[in-house]
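To start, the structure under review is shown below, and the notes come after it.
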């Protein structure tokens with residue numbers, strides 16, 4: 001009977017709350033909260049996480065949220081993310097006039113004036129100590145708090161937060177100009193703190209860090225510091241002396257030397273994850289790390305000027321549990337150092353070599369011979385690595401699932417055939433500007449790697465239609481990027497459309513020989529397509545788009561700049577036919593006023609003024 005909701009009235013509140021708990025995405029929870037007023041009132045009890053971007057008057061916004069959501073344990077404030085507000089100006093067309101002196105008009109005028117004055121004041125769109133105090137009062141049970149680039153938060157607000165939110169376990173202050181007093185308060189009151197991020201906190205010194213470390217010594221497990229000139233070895237010495245449970249350490253600083261890292265190695269024997277960009281640290285410190293940090297599982301080193309094969313040998317000798325190794329721009333590490341790691345750390349599962357110009361074929365061969373558990377390999381800007389390196393990977397690393405190759409001019413089809421035949425569990429293959437890789441290697445991948453779901457072949461000039469035909473026959477791809485592969489034409493993309501019905505992401509930008517026919521095939525064969533990049537495709541027209549969107553109703557993003565065959569009619573077709581569309585990248589002159597009114601929020605314009 002109309003007006004009577006018999007089923008909903010019989011549902012207990014516990015069951016409705018359980019429904020909300022099982023909904024993972026925020027849009028789904030929002031949709032279910034609109035079932036009725038009862039569901040809307042109950043939905044707030046299921047929320048445990050809030051994410052807030054830069055918006056007008058965030059201090060007031062925090063107060064409003066605290067009154068609605070009562071069980072929040074995680075709050076993420078990121079002021080790098082802007083939140084656009086709906087326009088408060090009156091609509092130009094009105095069916096019924098209103099007196100400008102009416103109460104509602106007066107309220108609207110005040111709100112508009114307040115908005116415009118706030119736009120002139122930078123602080124109005126930034127969280128301040130007042131808002132942080134409101135957050136502390138409204139969410140005293142919070143456990144995880146991220147304040148990313150909140151420049152108007154100071155020690156005053158942080159002190160208030162620390163006193164109220166004593167259950168805090170994770171605190172991220174990246175880019176906040178807080179001082180030592182606030183950090184000391186966190187150390188005094190937040191005795192359960194486990195994770196702390198102090199990246200780009202320029203107002204901090206050793207004094208505040210030491211106070212926090214001493215106060216949270218029994219709980220602290222993770223510390224991150226970057227670009228803080230006044231945080232030195234003294235802070236690390238305190239960490240080594242007090243934080244016996246420390247497992248994760250991220251350091252990016254030219255003011256940290258061997259003394260500080262040695263102190264950490266001597267005191268923090270549970271250290272598992274070490275990520276460093278410290279130009280002043282030398283092999284001496286890594287000798288201590290290798291000898292004392294026997295639980296180390298992840299090591300990432302960036303732009304080291306005094307780290308050599310000697311340090312690598314120390315790690316290989318002592319850190320037998322190492323599973324993840326990243327070396328980026330470490331110019332003084334050679335094949336000998338990587339061989340020492342391979343021989344000593346046989347549990348390696350992931351290796352990334354980026355711009356280390358002295359590492360060549362022999363180092364990667366050693367990984368292939370000694371590390372059978374390897375699952376991911378990334379070789380970026382490695383000009384001295386040749387085919388035989390990946391031949392050894394194919395022979396010895398049968399569990400390899402992910403392979404990244406960027407600007408590796410010495411790797412060609414011989415290497416890819418070896419990978420295809422030996423690493424049949426390969427799931428992701430990303431190749432960019434490897435000009436010796438062509439059809440033969442990719443055909444072999446399609447023939448042998450049946451589990452492949454992601455394939456990226458960007459600017460690989462020798463890859464053509466035959467390669468994609470083999471992939472379409474052998475693999476059920478979900479993501480494909482062939483941007484800049486100029487030998488690929490309609491036949492290759494058609495083969496993918498017919499052979500990969502699970503495809504969700506496709507990038508065919510900068511392909512000069514692609515026309516409308518593949519888009520029609522994609523519409524018929526790939527109904528799950530969500531992301532499409534067509535930019536710089538000169539032969540695609542509105543007709544192709546029309547065929548595509550008739551069946552691809554899940555499309556969320558479409559990039560189509562520099563496509564002369566696409567007009568304002570094609571843009572209108574995309575935004576009107578795809579109910580889930582979130583972003584369309586196009587030249588501004590191709591968007592009509594009607595399309596702007598209908599879907600202005602999803603249109604992104606190519607910047608032409610650069």
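Cβ coordinates are placed from backbone N, Cα and C, and glycine is handled just like the others.
Between the listed ranges 88-125, 126-163, 164-201, Swiss-Prot ties the annotation region 'Disordered' to 88-125. Helix, strand and coil content of the repeat 'LRR 19' (563-588), in residues and according to DSSP, is 11 helix, 4 strand, 11 coil. Residue counts of the repeat 'LRR 16' (485-510) by helix, strand and coil are 10 helix, 5 strand, 11 coil (DSSP-based).
On the 0 to 100 pLDDT scale, the repeat 'LRR 7' (256-277) averages 97 in the predicted structure.
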